[in-house]
Amino acid sequence: MSEKPSLSIMHPWHGPILTQDNYESLCCYIEITPQDSVKFELDKATGLLKVDRPQKFSNFCPCLYGLLPRTYCGELSGKYSGEQSLKENIQGDDDPLDICVLTEKNITHGNILLQARPIGGLRIIDSGEADDKIIAVLEDDLVFSEIQDISDCPCTVLDMIQHYFLTYKASPEHLIHGKPAKIEIVGIYGKKEAQKVIELAHQDYLNKFCREKTTI
């Protein structure tokens, strides 16, 4: 008699192994692609990809965008972001760490796992909370895999990513009248700093969800 197939599905946040080589290669869960006119996000309770909202304005995410499994922006992440940005009372945003993945391939849908190498990141403060965006390249990508650090990345690519995150929540009225932005990019950092940010978010995850507070 054949075995019954398993009906359980691995939760994209809690199931996959983040890294097996000290943050040189990362497992990434992709939520949004450049083709999406709807903002999708992982439903943390169920592990299903859900519609968050239609994209309000004309800008689209210029890269694959998602989260790093087994990361959580909590106390350690918030404290470190505040120290590095010289700002007080910065908290973690209580979400998985976000990641942007560069590739020349046309990946047209999310809800997938892929392997990518971190090359740097954006230190972002959103309404007083740490909201860093790790930037990575798809492993074995024919174009972007040559990039080893953020300093190797074309300025035009970084400009598009920064512009998206600075404006995707802003209304035309907000921009026309120059109202203070809730989102602030306070720094751009390279690979080693990105790995530090990932490590702290991984430790925050262990502190939050694992009974034994493991040191990594």
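For all residues, glycine too, the Cβ spot is worked out from N, Cα and C.
Residue density at Tyr168 (substrate binding site): 15 other Cβ atoms are found within 10 A of its Cβ, drawing on all protein chains shown. A coil conformation is recorded for Tyr168 (substrate binding site) in the three-state DSSP classification, outside any helix or strand. The substrate binding site annotation in Swiss-Prot covers Lys39, Arg53, Tyr65, Tyr168 and rests on sequence analysis.
Just so you know, the Cβ of Asp98 (Mg(2+) 1 binding site) picks up 22 other Cβ atoms within 10 Å once every protein chain is counted. Mapped onto three states, the DSSP output places Asp98 (Mg(2+) 1 binding site) in strand. Per Swiss-Prot, Mg(2+) 1 binding site is recorded for Asp93, Asp98, Asp131, and the stated evidence type is sequence analysis.
What Swiss-Prot lists as Mg(2+) 2 binding site is Asp98, and the listing cites sequence analysis.
Taking the mean position of the Cβ atoms of Lys39, Arg53, Tyr65, Tyr168 as the substrate site, the remaining same-chain residues with a Cβ inside 8 Å of that point are Ile32, Asp36, Phe40, Glu41, Asp52, Gln55, Cys61. A Cβ within 8 Å of the Cβ centre of Asp93, Asp98, Asp131, the residues given for Mg(2+) 1, is found for these other residues of the same chain: Cys73, Asp95, Leu97, Ile124, Asp126, Glu129, Ala130, Asp132, Lys133. Spatially close to Asp93 (Mg(2+) 1 binding site) yet at least six residues away along the chain are Cys73, Asp126, Glu129, Ala130, Asp131, judged by Cβ distances under 8 angstroms. Cβ neighbours of Tyr65 (substrate binding site) (same chain, under 8 Å, six or more residues apart in sequence): Ile30, Glu31, Ile32, Thr33, Asp98, Ile99, Cys100, Val101. For the binding-site residues given as Lys39, Arg53, the lowest number of other CB atoms within 10 Å of the residue's CB is seen at Arg53.
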